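Some features that TrEMBL has for this protein:
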DOMAIN    1-438  domain 'Major facilitator superfamily (MFS) profile'
SIGNAL    1-16  signal peptide
TRANSMEM  37-55  transmembrane segment
TRANSMEM  67-86  transmembrane segment
TRANSMEM  92-113  transmembrane segment
TRANSMEM  125-150  transmembrane segment
TRANSMEM  156-176  transmembrane segment
TRANSMEM  212-236  transmembrane segment
TRANSMEM  256-277  transmembrane segment
TRANSMEM  298-319  transmembrane segment
TRANSMEM  325-348  transmembrane segment
TRANSMEM  369-386  transmembrane segment
TRANSMEM  392-413  transmembrane segment
Amino acid sequence: MVVLLSFCSFLSPISSTSVLAATPEVAAEYGTTGTIINLANAMYMLTMGISPVFWAPMSEVYGRRRINQITAVLFCACSVGTALAPNLAAFFVFRILTAFEGTAFILVGSACIGDIYRPTERATALGWFLLGTLVGPAFGPFIGGIIVTYTSWRVIFYLQTGLSGLAALFTFTPFLPETIHCKKIDAIADYSPRQKLLVLLPMINPGRVFSLLAYPNLIVASLASSAVIWNMYSLLTPIRYVLNPRFHLDTPLQGGLFYLAPGCGYLVGTLVGGRYADRVVKVWIQRRGGARVPEDRLRSALPFMGAAIPACVLVYGWGVDRDVGGIPLAVVTMFLQGVAQLFCFPSLNTYCLDVMQGRGSEVIAGNYFVRYLFACAATACALPAIEAVGVGWFSTVSALFLMGSAAATWATVRWGRGWRETVDGRRRARRRRSEDDP
């Protein structure tokens, strides 16, 4: 089941980057610039961030399986529209619509993991699940580079259509069953249509997602995820424009090969990142005499977010900027970044599930909302910023963002439990006051 969920989650992220290697060709066909096409990709990211706040409440009401089925079919249909887009406006519209459905795979998949795995096993399962979401962005441009070197860029989206059609078929098989323990719609099955409407509207209100951001610890987890995703997309987006000219490469395929470095890093990180996070939790449970504190989960991410990834970012950025180390240095640092990121994401995602039992899809939706806003900003800003200040200084900003997020995550480890209890206490007090009011 985790393998199938990972395959479904692979689709939207690979769509977000597969066109990167073909950006000049798409721009030429529509008579525009690479910056404008990157803006379409940024809008894709923005929509990926917005859509979970709608899909999350609905998956709690109607179940994970139903939402997976609906979004898989719509994703396939919109992929066809993108492949056939006759002009730039249609290309933008279908890309945005594709993103709106695609994020549901990631959101619902994470919630399914939370439904069926124990806390001490979740990070390992999430590590395998996240393989799809992270390998997609890395291998997408490589696949796109092969396609655009030998045929039209539109074939990228025909391939996406075929893969999404296969995913849609999977969602209707017994291999992807319902995992939520109690669908809210079942509790109101006997209500009249009017009563159902009055009850359902608050249940599917996107505000349920944003209300969880009242917890400081969840804001920090979202910003920490955002720092890592910012680093990912600010690295991947400008490769064709940054590394190709510096290393005198002249085909999309040659530029696409660079994306394999972080992709292989994600594969390696999957084997150990989630297991390491679960192991850290078990060690701290023993130290606390059997008590499990969710914040202990975050300890496994700190050295990678605060030191390993920033170091790789700085070495990569200034090495490329000063033309030091050549292709080997760039490839090695991108690979190591990929490995280190898989020590961060499972911990951060699982922490959100641990502290919000019963609202898994909503808490993940809030995290992805913030995360993909930063992915959008990275996609839109990376190339103009690099052209303005250079790869070195832009990488320095990214490294500082990561280190600041690591410091905030350490504060959450130290004081997050108290933050949660304070917010919960305030909410209980408000409920008591509302019950006491006539």
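Every residue number used here counts from 1 along the chain in the order it is shown.
Positions of Cβ are set from backbone N, Cα and C atoms, glycine also.
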Original post:
Could you give the mean pLDDT over the domain 'Major facilitator superfamily (MFS) profile' (1-438), rounded to a whole number?
Top reply: 87
Original post:
Between the stretches 125-150, 156-176, 298-319, which one has more Cβ pairs under 8 Å with the transmembrane segment (92-113) than any other?
Top reply: 125-150
Original post:
Near the transmembrane segment (156-176), which residues from the same chain, at least 6 beyond its ends, have a CB less than 8 A from one of its CBs?
Top reply: 1, 4-5, 7-8, 10-11, 14-15, 18-19, 22, 65, 68-69, 72-73, 75-76, 79-80, 82-83, 105, 143-144, 147-148
